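Trainee: First the structure, then my questions, so here it is.
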Amino acid sequence: MRGKLLPLAGLYLVQGLPYGLQTGLLPVLLRAGGLSLTRVGLTKMLYAPWLFKLVWAPLVGTRGSPRAWLTLSTAALGLVCGLLAALHPAEGGQAELPVAVAGLLLLLNLGAAVQDVALDTLAMQLLEPAELGPGNTVQVVAYKLGSVLAGGGLLALVPTLSWPQLFLLLAATYWLAAALAWAIPALQQLPPPRPSELPPHTLHLLQDLLAVPGTLWTAGFVLTYKLGEQGASSLFPLLLLDQGLSAPELGLWNSVGAVACSIAGSSLGGALLSGRWKLLPLLRSVLQFRLGGLACQTTLLFCLDTPWARLDPGTVLRGAVLLSLCLQHFLGGLVTTATFTLMMCCSQLAHSALQATHYSLLATLELLGKLLMGTLAGALADSLGLHLCFSLFLALSAIPILYLSLAPRALA
């Protein structure tokens, strides 16, 4: 199993770099530069290519080898980073994101989305059903580690490392990963799809995908399970910035510290799935814990809105809000690992030639749910007020717990 998991870990780590760049760095810098919560949230529109993975997923699954797609898309990411290094944008901290930089970040997300389809296809081909728990733990942990290296690490290095040096380093990382993806023995042993396995390209493709047992229920779950958590996690760090926490300190806690807790939660989820825990009962338990953690965080938010509230060093309130930040990421890691395992279990019920497209459908809906609330969270806070907004997040976090009672037997 190690010969499968180690290559997947390295490739998923590289895949997490663009996400960390745009979630760990840009929101903090733009908010510190004076942007409203609404405008900060709208920068998540750069993730739009991830919503269209179904366009190229059938090609990745049926034309050429996933290994070739993975190698080419990773090399293309290195090229985009090389172009970003040549732009020499204005110093970090300004309120506006240059149009050229935004355009190249959009291309970066396009390349990463193609890479994601190819890598997920390889993972489903490599992993046996008994290996899904550890495999999805590696996927989630490595992706988040790449995210924190590009997010929190970048935020700490920006004052000393120039923009061209940073992106040349990222370009070299991608080109090295492309070479490794082509040379890894475990990936070379996978056979290409046989012509007889190729699905017909008809207008009934979506109907075929939805006919896979458990698909409709899983689609509804992945679309809604992160709504409340994503809304709270998008706003809470920025509200701490408004309360006086410095951008470097917030970057440390919200990127390095929080993601370390998320990785710990994902690792625990994989260990539990490898043990005696069944998938759906584990998912129900961690969703209940997450709801309780969000309730505590909402209570702390109400406390921050009082005149006596201070986040000075050494205060109990400061320790409590930072602890709640880490706790929610820990529980979120548990939930994510269990959910991605559920998605892969459902996709493995599909025909082998449909698995890449089926998993891309579920992953697109999962991302759509997170992007929807991440993008609208700032506007909801500006229009509804923080108290009502976080109460809505609590209600949204309770929905997946109730929805689990409707799970089909095929996924039990």
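Cβ atoms are placed via backbone N, Cα and C, with glycine included.
Automated prediction, rather than curation, is the source of TrEMBL annotations.
Checked TrEMBL, it gives:
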type	residues	note
TRANSMEM	68-87	transmembrane segment
TRANSMEM	99-119	transmembrane segment
TRANSMEM	140-160	transmembrane segment
TRANSMEM	166-184	transmembrane segment
TRANSMEM	205-225	transmembrane segment
TRANSMEM	321-346	transmembrane segment
TRANSMEM	384-406	transmembrane segment
Trainee: For the transmembrane segment (321-346), give me same-chain residues lying six or more residues beyond its boundaries with a C-beta closer than 8 angstroms to one of its C-beta atoms, as numbers and ranges.
Mentor: 123-124, 127, 129, 132-133, 135-137, 139-140, 144, 212-215, 218, 221-222, 225-226, 229, 232-233, 236-237, 240, 253-254, 257-259, 261-270, 273, 279-280, 282-283, 286-287, 289-290, 293-294, 296-297, 300, 304, 311, 358-359, 362-363, 366, 410-411
Trainee: Six or more residues beyond either end and a Cβ under 8 Å away: which residues meet both conditions relative to the transmembrane segment (99-119)?
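Mentor: Cβ under 8 Å, 6 or more out: 8, 11-12, 15, 18-19, 21-22, 46-50, 52-53, 56-57, 60-61, 66-67, 69-70, 73-74, 76-77, 80-81, 83-84, 87, 89, 356, 360, 363.
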Trainee: Can you tell me which recorded stretch out of 68-87, 205-225, 384-406 has the most Cβ pairs within less than 8 Å of the transmembrane segment (166-184)?
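Mentor: Maximum Cβ contact count belongs to 68-87.
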